[in-house]
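Structure, as structure tokens:
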Amino acid sequence: MADDEVVDPKKYLEESCNPKCVKPLLEYQACVKRIQGDDSGQKHCTGQYFDYWQCIDKCVSFSWIMAFALHIFFFFLQFDTEMNLDFGIFRLHPSYLQN
Amino acid sequence: MVGGGVIQQILRRKLHSQSLATPVLSWFASKKVNEDAGSSGVRALALLGAGVTGLFSFSTVASADEAEHGLACPDYPWPHDGILSSYDHASIRRGHQVYQQVCASCHSMSLISYRDLVGVAYTEEEAKAMAAEIEVVDGPNDEGEMFTRPGKLSDRLPQPYANESAARFANGGAYPPDLSLITKARHNGQNYVFALLTGYRDPPAGISIREGLHYNPYFPGGAIAMPKMLNDEAVEYEDGVPATEAQMGKDVVSFLSWAAEPEMEERKLMGFKWIFLLSLALLQAAYYRRLKWSVLKSRKLVLDVVN
């Protein structure tokens, strides 16, 4: 293998999405601070935690969709230049290629 | 009567601040002033007020259900989504390898046979070799005894535990569910399973999970008995693909999706074909109906006026 250290793409995307989700992260950290002194065990920050991770998840899945779409787009772009369909009656080929 | 008036006043203030239909309210108010017997209008207003306050209180209760339902999982772009997209069969093969090496120690897949894998993820020889590695109880023989033999293509995938009680006993009371249909048995199953497997995180502040359970925000309630199983390089893929956590998650979900819906590719082809043909038939039927009805629809009736 070329690289010995594998980078988990999901973790990488989650880290790169961090700047987009600063606001829910700050809300979560504010909540953590608020409940620090609590001993009753009833207070928790699940709401803010969920908001933050929902933001990250949305960003990650969007990045993946974009990466997937770009991959498909470039796949077909490369394919197009080699495709010359000849139906016998007419030729269908990329007109920008000068054969 | 007094209660109705108080509610009316509260409602007037509420609606006033939201700038809703105050003319409606003043009409009701005037109705009350005009006729004392018109208590039905006040009662309706009181019910409306009660409903509105009920709705407001419901919103605070809903937030406590967040952990109960689990964090909503995002939609990932699976290669087999799409109206004419097939499974990624290389991914199914890798996913089966992940299942065998990571999941099969606790989860059964008792509805899948080795022969199902032929032509999907493995050749017949490979599947036969895989089946032959397991021991299957068969019998009774001519002497009336049960015996063990190496597996055949027709055998089901092996079960890790003899029955549910044994499974629960070995896993602290929790039953690792059979995975044959798991992506159909959970809401938004494919995305849910992927999010669950790759979503083990530290719990939020204030949440403590008891010994023996682990925190997973996607699991309803948040406390799941299964520990994090997918770690980088846990499996060495035969085809050399780097086995990151996300890669293994994707492959195992592809495998589980195929296991739950092996007919998917044929179904999509059939669906595309028949929807296309039936649309043409619909156009033909519509034309034919209008053709036949044109006689009646274009008739003219003449009224003979008798003088």
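From the backbone N, Cα and C atoms, a Cβ is placed for every residue, glycine too.
The structure displayed is predicted, hence computed values, not measured ones.
The record from TrEMBL ties B:Cys103, B:Cys106, B:His107 to heme c, and of the options B:Met226, B:Met264, B:Met270 it ties B:Met226 to that site too. Taking the centre of the Cβ atoms of B:Cys103, B:Cys106, B:His107, B:Met226 as the heme c site, the nearby residues of that chain (Cβ within 8 Å, site residues left out) are B:Val102, B:Ala104, B:Ser105, B:Pro176, B:Leu179, B:Met229.
Spatially close to B:His107 (heme c binding site) yet at least six residues away along the chain are B:Tyr99, B:Pro160, B:Pro176, B:Pro177, B:Asp178, B:Leu179, judged by Cβ distances under 8 angstroms.
Sequence-distant neighbours of B:Cys103 (heme c binding site) (same chain, six or more apart, CB under 8 Å from its CB) are B:Leu179, B:Met229, B:Val252, listed in sequence order. The heme c site in the record is lined by B:Cys103, B:Cys106, B:His107, B:Met226, and its two most distant CA atoms lie 11 Å apart.
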